[in-house]
Amino acid sequence: MEGTDDASALQEPPDPEVLEVDPTFRYIRYKEVIGKGAFKTVYKAFDEVDGIEVAWNQVRIDDVLQSPNCLERLYSEVRLLKSLKHNNIIRFYNSWIDDKNKTVNIITELFTSGSLRHYRKKHRKVNMKAVKNWARQILMGLRYLHGQEPPIIHRDLKCDNIFINGNHGEVKIGDLGLATVMEQANAKSVIGTPEFMAPELYDENYNELADIYSFGMCMLEMVTFDYPYCECKNSAQIYKKVSSGIKPASLSRVKDPEVKQFIEKCLLPASERLSAKELLLDPFLQLNGLTMNNPLPLPDIVMPKEGAFGDRCLMSEGPPTTRPSKTLSIDLDEDSNLPIVTFSDNSGSRCIEVRRAKRGNFFVLKGEENDEQSVSLILRIVDENGRVRNIHFLFYQEGDTASKVSSEMVEQLELTDQNVTFIAELIDILLVNMIPTWKTDVTVDHLIHSQLNQNSRSHHNEAKPQKQEETVFHDTCELVSHSCNSDCPRSDEEDKQCVDATKGEDKSSIQEVEEATEPVSLEEEERLRQELEEIEAKYQEDMKEIATKREEAIMETKKKLSLMKLK
């Protein structure tokens, strides 16, 4: 009886906004209408089990019974939604027939920003980067539909049937009422919205590439804000133009040649039209394509395997740099195998950088002491092709050894092509220079002995006072100090440039063997100082840009992790 009483309470809710409850008492329908079509009304609803807002699609049976085709469309949509699961296809939750109220009810996920058409008209000033992002998501949904066995054709793709969550730009294809499973090689029936229908649809002989034509028209609508063929007064005029191969007038208003070319690819005759899978590879849609400010490509985040070390380690892997490197190997002598150790001051905290080369790869280990217990380390590995791997990790002074951390790093991050001992030597060299009492667990005396001697002598060298001083050591050469305002540690992708820039500074501004050098002229000194200032200005400019990109990458990764946890 208690359950019955609860049910009665739910069926007659005190909230005046709640108009209806589903048979399982899980979903409640509000009176707020969020969409309306010829036969279907969409209400805002709430899932009381998962605590999320959903869409309650309701169709009156009396309305669809007047048109048997509409009833079949409705059942077709329910069947398809139940079977499809993809990030860019609207998600189905439940459906039922209410005999008492004579309605068919479908619960789907809710899109707070409505249709893409409505959203685009509301936000008219949107960068092409966002439009490309929407296009990629639509194509990924189409690739999924067309990749089914047998393929599924949407047949009514338009911005009205594509939905968006504006808070994070998620786009999904919906309204599958006209979709069909292509049992034969070609479908036969004529159906869809005339403005978006491919020419072959009128000939009743088409396949899934008809959706690509519609997608092209969606792109046209997204960039012009108008329905294709809005110059036509009726469907007959549209049919006449489409069958004659006349493109919409709005296509001539697309000024960006790349955008126009991409749309035209989608509107080619069916025999020449590319598939969704092929269009996703088009240069126009590539993530690293040119945008307004030509950003640097973002690194991919590589998560370590599960384990204790994985909790304090992260690797990002970037593509080869597009900027030529002229100074990458100038001051790293692979034959001597001796490292370069650099000291700098970062807001009162001492930073140390160790650089070393091995078999065409260049290693840069940077460290900054957090407190008495731990040191923040960043290892950059730059291969001969310019690809950069960046490993961020914490080193605990009590309990950690260079060999232990190096072994775990190579195993967890699958750095199979790197030598454990080589990385351990880098770590111990840095720690010996940072912590005077540090006890190494690998032999590094042969690598640091001459450096320590040079370090004691370098304090006698005269140099102009600067905001920051770096003392650089290299095998038999004693190098005098020079200024460098770069902070340590630096950001991910920028480090590749920063390594190159630092090496350029070393070559151009550091005098070589003490007894073999001659005094530098004032003009030469001024030229070198200007060169350093130019490098620093360029560095600061790039750092500002990469910091923004890094933040975006971190936020995107966090979002993906959150979505994975929800699944």
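Each Cβ is built from the backbone N, Cα and C atoms, and glycine gets one as well.
Model, not experiment: these values are computed from the prediction.
Looking at 469-498, 499-528, 529-558, the stretch flagged in Swiss-Prot as region 'Disordered' turns out to be 499-528. For Thr108 (ATP binding site), applying a Cβ distance below 8 Å and a minimum sequence separation of six or more within one chain yields Val54, Ala55, Asn57, Leu81, Ile90, Arg91, Phe92, Tyr93, Gly174. If you measure from the Cα atom of Phe111 (ATP binding site) to that of Asp175 (active site, proton acceptor), you get 13 Å. Between the alpha carbons (Cα) of Glu109 (ATP binding site) and Asp175 (active site, proton acceptor) lies a span of roughly 12 Å. If you take the Cα of Leu110 (ATP binding site) and the Cα of Asp175 (active site, proton acceptor), they are about 13 angstrom apart, rounded to a whole number. Separating the Cα atoms of Lys158 (ATP binding site) and Asp175 (active site, proton acceptor) is a whole-number distance of 10 Å.
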